[in-house]
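Feature list (source: TrEMBL):
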{"type": "DOMAIN", "residues": "5-317", "note": "domain 'Acyltransferase 3'"}
{"type": "TRANSMEM", "residues": "7-25", "note": "transmembrane segment"}
{"type": "TRANSMEM", "residues": "31-51", "note": "transmembrane segment"}
{"type": "TRANSMEM", "residues": "72-91", "note": "transmembrane segment"}
{"type": "TRANSMEM", "residues": "141-158", "note": "transmembrane segment"}
{"type": "TRANSMEM", "residues": "165-183", "note": "transmembrane segment"}
{"type": "TRANSMEM", "residues": "189-208", "note": "transmembrane segment"}
{"type": "TRANSMEM", "residues": "220-236", "note": "transmembrane segment"}
{"type": "TRANSMEM", "residues": "242-258", "note": "transmembrane segment"}
{"type": "TRANSMEM", "residues": "279-297", "note": "transmembrane segment"}
{"type": "TRANSMEM", "residues": "303-322", "note": "transmembrane segment"}
{"type": "TRANSMEM", "residues": "343-360", "note": "transmembrane segment"}
Amino acid sequence: MKFRKDINGLRAFAVIAVVLFHFNASWMPGGFAGVDVFFVISGFLMTGIIFRGIEQENFSILNFYVARANRIIPALALLCFVLLIFGWFYLTPLEYRALGKHTASSVGFLSNFVYWTEAGYFDATSHEKWLLHTWSLSVEWQFYIIYPLVLLALRRFLSIKTLKLLLIIGTVLGFIFSVFATYKSPSAAYYLFHTRAWEMMLGGVAYLYPFTLQENRKKLVEWTGLALVVGSYFLISAENAWPGYLALFPVLGSFLIIQAQRNDSLITGNIVFQKLGTWSYSIYLWHWPFVVAIYLFSLPDYYIYIGMVLSILLGFLSYKYVEKINFQRSFPTILSYSKCKPVYIVGIVGLLGSALFMKYDVLTPIRLSKVQGTITDQQERNPRESTCGRVVNGISPECTYGNGPVKAI
């Protein structure tokens, strides 16, 4: 597929919104909709890969899975590894145990199920979860696993034309189901694959049914899409049921921007948005731990700006030195083993094993003496719990957690 600068710029629109929302929700109250923009982009790209392979009768589902793993896993594994090292020195046993659990679910791409069973995405305790943002990666990975299997199974009985029409029907039905599920079970609707699949499927529809537009119409379609996406970022907030029917606005906006096909657009094609779009995956990975650290350790407000700068810097470094790794099969030098797939497989297995050890508290005796462990257990309890909230006006200091405007979402 030819590189699309407009889609790369759309990635920048998505990651900027998510980062600004997480660091300070008042800047962009609906910035969490940037994740939905990412979903549309993923659906467009994956549908293109799958349908081209089906039409040419050379699609390999194994190669598809391996390519997705090579794209997603190395940078995610590095983030988890760094957090586990950081947590060893700075987190309490209870916090470290939670980090181990969340690491295991993240590298196993099941974190959306874990966070669904815990507090909701917009609940106060979410700011304590260092890998909360990986729920969206789990949703995408589940889409990558299920989507080609369903399409290949249906292709046995249906023509390509019928398969394309079925995707449109599935998108509409998926949207209706998502709206219903959002009001019936909001937490499940937020986290789970089946209420988000329609967004990725609509991206697929954009690939299968591209618009044929004159240049002046392209600009109109692009600006309409931008208005829907950016308007969603500012007019929607965490108070709204999500995804629900409101998700249609950023999703449809993304659909229109993709359909406009404006590679020469100054909005999506400028150098800043192109760079941010290229680094967007790694920026997304690294920004949330800074948000948690600022909140959890009650750091001053100016750390928000430091955190954003570091997110971009680490995003760039992660993209350049991790994401761009080209895996190879021959190894003439020792350093060339850094590009060996088995190295990463072993790393993931080791990471998963370490996370499970931490989840079940196997390593706590190593980190702490018996006396220290007893003290820590007592510290996990709030001695002022009985007085929490018992003030005439406002919230008592014992109930206040964290500092500054960082949004605990």
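Sequential numbering from 1, following the chain as shown.
Keep in mind that glycine also has a Cβ here, set from the backbone N, Cα and C atoms.
Unlike curated records, TrEMBL annotations are generated automatically.
Below 8 angstroms of C-beta separation, residues 6, 13, 17, 21, 28-31, 33-34, 37, 211, 213, 242, 246, 249-250, 252-260, 262, 265, 267-268 of the same chain, each at least six residues beyond the ends of the transmembrane segment (220-236), sit close to that stretch. Of the ranges 7-25, 72-91, 141-158, 189-208, 279-297, the one with the most Cβ pairs under 8 Å to the transmembrane segment (242-258) is 189-208. If one looks beyond the transmembrane segment (7-25) by at least 6 residues along the same chain, the residues whose Cβ comes under 8 Å of a Cβ in the stretch are 31-35, 37-38, 41, 44-45, 133, 226, 229-230, 233, 237-238, 254, 257-258, 265, 267-270, 272-278, 280, 283-284, 287-288, 290-291, 294, 304, 307-308, 311, 405-407, 409.
The highest tally of CB pairs under 8 A with the transmembrane segment (279-297), across 31-51, 72-91, 141-158, is held by 72-91.
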